[in-house]
Amino acid sequence: LKGAAGQGRTNFTILIYCCNAGHTQCSNGTSAQLLAREKFSKDPPTRVLLMLVVGLSFSTRLYKITEPPHVCWDETHFGKMGSYYINRTFFFDVHPPLGKMLIGLAGYMTGYDGTFPFIKPGDKYKHHNYWGMRGFCAALGSCLPIFAYLIVLELSQSHSAALITAILLIFDTGFITISQYILLDPILMFFIMAAVLSMVKFNHPFAASWWLWLVLTGANLAGALGVKFVGLFVILLVGLNTVWDLWRLLGDLSLSLVEIAKHFLARVVGLILLPLFLYVTIFAIHFVVLNKSGPGDGFFSSAFQSRLIGNNLHNASMPEYLAYGSTITVKNLRIAGGYLHSHWHLYPEGVGARQQQVTAYLHKDYNNLWLVHRQDANECDHTEVMYETTRNLHGHLHEAPLTKKHFQVTGYGINGTGDTNDLWQVEVCGGQNGDLVKVLRSKVRFLHRATGCVLYSSGKTLPKWGWEQVEVTCSPYLKETPSSQWNIEDHINPKLPNISLSVLKPHFLEILLESHIVMIRGNSGLKPKDNEMNSKPWHWPINYQGLRFSGVNDTEYRVYLLGNPVVWWMNLASLGLYPIMVAVVSIAIQRGFSLMVLTEHSHVLMREGGLLLFGWLLHYAPFYTMGRVLYYHHYFPAMLFSSMLTATASWSLLSLAQRLEAGGNSYFYLFHPLSYGMTGPLAHEPGSTMAGLKWMDSWEF
């Protein structure tokens, strides 16, 4: 604003900045945005740089995609699950199904027939066509630097910042490695980054492009959650950003309440209803495709199993309600709880009473059959007689083998003749006294009359004397849990009419709910095993220790998952530097100081950088609260956000940016054997390709 006094008047020359059409209101960062856009207009064309990023990204990921020609690390699991989809064989996994479905589809479309067994790492693929599944994962992994480039370009309007991000990710050995194998991680990160890109793109309200990006955001949120539950973190990021956006719109007095309501409803449809519909559709396809009995049957209820072709309950018929004189199998409702089981072997000396073992067995077996025997003294009481050995199901006050606060359960007596410790009362969970027990559907408890405890599957594996089957106890703690709940699966009684089990099959919402309960319990049950290396979250940002994908000696083809240490430590430094930069800029603005190197980009640094920092926190901090086993690769989604933050912060410090680009290139060359494989001497031996590069003792290459 320039003014000059003269002849009794003041002349003003006013420079008016026009707000960007994509924003509904001006902000304090308007001048900074204009400076950024002015610089943006002088940068090289986006198309040329984007083509360069695409070419480098795909070439680094697809290079040597078929090496090594054997199973590496978790390809054992996810390659096998892709085969299950091709063969339509039901299985269980702790993650939602989309990632495995896409792997199976990629294999099917590229000629893989689903016959490779994927037994263990190191198994040779031989003539099996595995490259399509690896290539699919590599293609999605190749999109990550491209998406990061476009996200930072949209946020900062700077080609330099966008190119820095792309270079950090393109030349990171860890991202190359994790993209080249049959894993869920590149698929998950593809949807996470696609969701963030779509989120930052829908900024021209109610235009056709706005609706497109809104719908794509919702679709990618469903995709992220459909691959792993970690997708909840990006859903939270988009959700909180949307709440902030709506709050800002509510404060715009130029908008009517009707327009605000339209904004709100559009987001409800695009970001809640659409993702929910797509997520449920993923499971509907999953259940339709996997319609044959397989290794996942035992994790699910008997009613669920009755819908699977080849399962003994499929299209079977049996009496609907339990009665005295029935021969039955009894299945525990906890994950891997097993079938109530007994055999001729006795508990060893010193383990409670030396009577017949009662266990839970995870497979269908003749020793799972029990006879329901009536006691005349009290119609509520009955004895279960082991069909093969004729021993009664028996409980007493002896200590259980492994769960010391529980009581031992044994087989005792003969042909229904025993003592009062053989009496059990059946209770229908959630029912009333006298309710009939329906096969497959009723959840029941077995209450021991003498001691008041309940029949319980602890989930603990017995030693070799118990044939490594699952411990069964009588628990004095009466709270209803899946471990103390059972259902009747097989039911034989010639005196009762049979019904078709098809009428007892659960409907879609029931199996959808059950599958999520089983997945959540399975996830929580992933505890570190004895002598297993359990990675800690604080290890990850410092690149403390990687993962061996393949090979352990100088004769094997070795691949080691480890991030480019220069890139990772730069990101770590930027996480510490960013709050300092924001503090300096905030103080400078507040005090009216001129720090052009920072303040000209203050809006991008604080708001857009804050969004990326928040994305990093959401994808990293929750792991500190998790009790499940954790691995190094869990950090990679957070690493994407820290790389974008590094580029955004360093954009204000051009000399640092130039060093980032040079460092990322040179150290990629030094560490590239980690990703593409190496043979010969190990790192600490003379003549190794990694000689002098084992900078931390915890690195295992």
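Note: Cβ is positioned from N, Cα and C throughout, glycine not excepted.
From a predicted model like this one, the values you see are computed outputs, not experimental measurements.
Over in TrEMBL, the protein carries these features:
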DOMAIN    319-375  domain 'MIR'
DOMAIN    434-491  domain 'MIR'
TRANSMEM  131-152  transmembrane segment
TRANSMEM  158-176  transmembrane segment
TRANSMEM  183-204  transmembrane segment
TRANSMEM  210-243  transmembrane segment
TRANSMEM  264-289  transmembrane segment
TRANSMEM  566-589  transmembrane segment
TRANSMEM  610-632  transmembrane segment
TRANSMEM  638-657  transmembrane segment
**Q.** Mean of the pLDDT scores, which run from 0 to 100, over the domain 'MIR' (319-375)
**A.** 91
Q) Counting only pairs 6 or more apart in sequence, are there at least 3 Cβ pairs under 8 Å between the transmembrane segment (210-243) and the transmembrane segment (158-176)? A) no
Q: By DSSP assignment, list the helix, strand and coil residue numbers for the domain 'MIR' (434-491), in that order.
A: 6 helix, 26 strand, 26 coil
Q | Residue distribution over DSSP helix, strand and coil in the domain 'MIR' (319-375) | A | 3 helix, 27 strand, 27 coil
